[in-house]
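Swiss-Prot lists 9-244 with the feature domain 'ATP-grasp', giving sequence analysis as the kind of evidence. For Lys46, Gly53, Arg54, Gly55, Glu99, Cys102, Glu107, the entry in Swiss-Prot reads ATP binding site. What Swiss-Prot records for Asn199, Asp213 is Mg(2+) binding site. Under the heading substrate binding site, Swiss-Prot lists Asn264, Gly321, Ile322, Met323, citing sequence analysis as support.
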Amino acid sequence: MNIHEYQGKAVLRSYGVSVPNGKVAFTVEEAVEAAKELGTDVCVVKAQIHAGGRGKAGGVKVAKNLDEVRTYAESILGTTLVTHQTGPEGKEVKRLLIEEGCDIKKEYYVGLVLDRATSQVVLMASEEGGTEIEEVAEKTPEKIFKEYIDPAVGLQGFQARRIAFNINIPKELVGQAVKFMMGLYRAFIEKDCSIAEINPLVTTGDGKVMALDAKLNFDSNALYRHKDILELRDLDEEDAKEIEASKYDLNYIPLDGNIGCMVNGAGLAMATMDIIKHYHGDPANFLDVGGGATAEKVTEAFKIILSDKNVKGIFVNIFGGIMKCDVIAEGVIEATKQVGLELPLVVRLEGTNVELGKKILNESGLNIVAAESMTDGAQKIVSLVG
């Protein structure tokens, strides 16, 4: 789960991580009032959406007086911001962060992520702050420094100091930088984050180490023990189809292709997408109906897939272990009738009650193409979609 920058900074502040003072605003008048309350000579007006690249898209403005705060708030609020992370459709700006300006001396990058290769949290840092870390990794990987953290003991002070020296934090500010990184790590672990990214981390003219931006992502599977974080969820920032899928315990991720996929099991779902790509097709989604899908869940899964106007055909690929193939077959038929499906539909069933499932499909009288294997199914749906 993602949260907004201002929310992330509030979480970090509670762990002793230094962030600029700021207030959220939902209207132009609230933005002006927030700037008045901050009482600083310079304010930064920042669009709040769940995407990076806001500055380049015109969503971050420096205001030197209240009139400029009003002007920028009017120009940003209610507009659709298109960045490299939003896709061409962009995201509507419904709230702003009004933040005190600061005298930036140098920008850095600091982030914590899970390294799946080592099964450890890794602290990454670079003195190339303010730019996309992926770009730094591609062009100048030698400028990224890493510390792998033993989960038994956590981030150690010497590791944070080594990072601070490697990215050339001024010696007199190393102590602050270490405290910053230790607080960031505590927030990451205690709040079950999957990403904690500060870009940029800055040193200021008055000798402070501060997070100028904050991106926190949380493990959705751990939200049951973080009610305070769950309350920060902004449904307006999420894909409507993903929200609908979550109501039925369906795992759905939209993609850019035109072949809808309905599969049980994440591994099989990824293999299905791979084989569709192998035969020169493009999957429109990842959709895992799970191991205990009912006919109702299958019907809802169809509706979600078909709500994507780019979908030109559907491939259902089910291995019946916990889930029985006859239940899936009944769900497919019910869904096809309910939604009035006119698109090509290829179904591959294997496992528990597979013969009964195939019999139900064959006797349905519907235009359903049966596949004998995953390869056969992928080839057929790619051919039908054209």
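Each Cβ is built from the backbone N, Cα and C atoms, and glycine gets one as well.
Mapped onto this structure are the features recorded in Swiss-Prot.
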residue: Lys46; record: ATP binding site; DSSP class: strand
residue: Gly53; record: ATP binding site; DSSP class: coil
residue: Glu99; record: ATP binding site; DSSP class: strand
residue: Asn264; record: substrate binding site; DSSP class: coil
residue: Gly321; record: substrate binding site; DSSP class: coil
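Between the binding-site residues Lys46, Arg54, Lys46 has the most other Cβ atoms inside 10 Å of its own Cβ, all protein chains included. Sequence-distant contacts (6 or more apart, same chain, Cβ under 8 Å) of Gly53 (ATP binding site) comprise Thr83, His84, Gln85, Thr86. Counting in whole angstrom, Met323 (substrate binding site) lies 44 from Arg54 (ATP binding site) by their C-alpha atoms. Gly321 (substrate binding site) sits 45 Å from Asn199 (Mg(2+) binding site), taking the Cα positions as reference. Mean model confidence of the domain 'ATP-grasp' (9-244) amounts to 94 (pLDDT, 0 to 100 scale). Checked against Lys46 (ATP binding site), the binding-site residues Asn199, Asp213, Asn264, Ile322 differ in C-alpha distance, with Asp213 being the nearest. Ranking the binding-site residues Asp213, Asn264, Ile322 by the distance of their Cα atoms from the Cα of Gly55 (ATP binding site) places Asp213 first.
Each of the binding-site residues Glu99, Glu107, Asp213 was scored by other CB atoms within 10 A of its CB, and the lowest score goes to Glu107.
The binding-site residues recorded for this entry are Asn199, Asp213, Asn264, Ile322, and the Cα of Asp213 lies nearest to that of Glu99 (ATP binding site).
Secondary structure at Glu107 (ATP binding site), as computed by DSSP, is strand.
Taking all protein chains in view, 22 other C-beta atoms sit within 10 angstroms of the C-beta of Asn199 (Mg(2+) binding site). Nothing from the binding-site residues Arg54, Cys102, Asn264, Ile322 places its Cα within 10 Å of the Cα belonging to Asn199 (Mg(2+) binding site).
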